[in-house]
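> According to TrEMBL:
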type     : residues : note
TRANSMEM : 12-30    : transmembrane segment
REGION   : 44-77    : region 'Disordered'
COMPBIAS : 47-75    : compositional bias 'Basic and acidic residues'
TRANSMEM : 98-118   : transmembrane segment
TRANSMEM : 176-198  : transmembrane segment
DOMAIN   : 225-299  : domain '3-oxo-5-alpha-steroid 4-dehydrogenase C-terminal'
TRANSMEM : 256-279  : transmembrane segment
TRANSMEM : 285-303  : transmembrane segment
Amino acid sequence: MDILDRIGALPPSVWCQAFFLGASAGILVLQNLPDDARGTLLNYGARRPEDSNKENRSIKEHEKRPNGGSRDKGSSTRSSALMQIASVASAAKVPHSWFWHFYLVSISWSAFWAWQYVRRGAIMGSLAQAQVRSGPSASSMELGRVFFAWLMMALQGTRRLYECFFVVKPGRSPMLFAHWALGIAFYTAMSISVWIHGSAAILESWETTVSAAFLKMLKTRIPATFAVILGAWLKQNDCHRHLARLKKYTLPSQDMFAYFVCPHYTCECVIYLAISLMAAPEGAIFNKSVLCGLVFVAVNLGGTASGTKQW
C-alpha cells in the first residue's frame, strides 16, 4: 500500500514526464520491429501500404521464403505473427486530415488554463497545490515565464491550426487511431507542463498583485528565447508553404530542405527546446517536463523523418 500511496503522491510534473518518456520508449520499441510490422504500425501517406492486401502478401512472402533450418523457420513464424498482430493493431484508422484536431485541442487547453487562472479554478488550484507539496524546487518558476510559455503554446497551436485549413493540402491517407489518440494525449500533457512548475507563483498571485511579475520579464531569458521561437516559427511556416506548393510526392529542395530531410520537424524541436529554456524554474536551465516532451517530439518526428529519407 505504501508503494501505491507514493505513486499517488507524485507531483503532476512527474506524471507528465513519465507519460512523455514512456511514450518515447514505446515508439523506439516499434521502430525496432521488423520492417513490415514497423511500416504497418508507423508509416502513413505515401510511405504506407496502399491496402491490407499488401500486408497479407508480406505475410505470405515471409512464409514462403526458403528456410535453411529450424532456426530460420522459427524466425519466419515469429515475423509472420508480428505482422498479424500489427495488422490487427492497425485496423482502427482515422483520416490523416484529422491532424487539425491536435491543434484545436492545444488551443482549447490553453484557453481552459487561462480561464482557470483568471477564475482561480479548482482544477488548476488542485494541480498547483499537489505540485507545491513536492517541494519548492519543483514549483519555483517565475509567473512571467508561466505567462510567456503559455502564450507561446497558444500561438503555436493557433498557427498550426490555421496552416491545417489554409496552407497544408489535406491528405486522404489514413492515420492509425492510436497515433491520433497519442497526439491528443501529448498536447494535453504539454498544456500542463508549460505552467505546472510555476505553481507556487500562481497560487501566490491569487493572493497578491501580479504587476511585479511583468517587470521582471525583460531581465530574464525571455527575450532571447522568444527570438529563437519566432525564428523557428517563421521558418516552419515557410517549410509548410513550400511543401504545399509541391506536386504530389515531389522531393522538396528549397531553402532548409537542401540541408535537412524534414526541416519543419527540426523547427518543431527548436520551438519546444526554446520553450523549455523559457519556462525553466529558478536555478534550472530547462523545464524538465517540457524537455521530456521534446524527447517525445524528437523520437516521434525523428522516426518519421528517417522513414521519409528511406522512402
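Cβ from N, Cα, C; glycine included.
A TrEMBL annotation is a machine prediction, not a hand-curated record.
Any idea what these are sitting next to in the structure?
Panel annotation: around the transmembrane segment (98-118), residues 124-125, 150, 153-154, 156-158, 160-161, 164-165, 175, 180, 183-184, 186-188, 190-192, 195, 202 of the same chain, lying at least six beyond its termini, place a Cβ under 8 Å from a Cβ of the stretch.
Sequence-distant neighbours of the transmembrane segment (285-303) (same chain, 6+ residues past either end, Cβ-Cβ under 8 Å): 13, 16-17, 20-21, 23-24, 27-28, 31, 42, 141, 149, 186, 189-190, 192-194, 196-197, 262, 265, 268-269, 272-273, 275-279.
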> Who are the chain neighbours of the transmembrane segment (176-198) in space, where the CB to CB distance is under 8 Å and they lie at least 6 residues beyond its ends?
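Residues packing against the transmembrane segment (176-198) from afar: 11-13, 16, 19-20, 23, 41, 44, 89-90, 92-94, 98-99, 101-103, 105-106, 109-110, 112-113, 127-128, 131, 138-143, 145-146, 149-150, 152-153, 157, 275, 279-281, 287-290, 292-293, 296.
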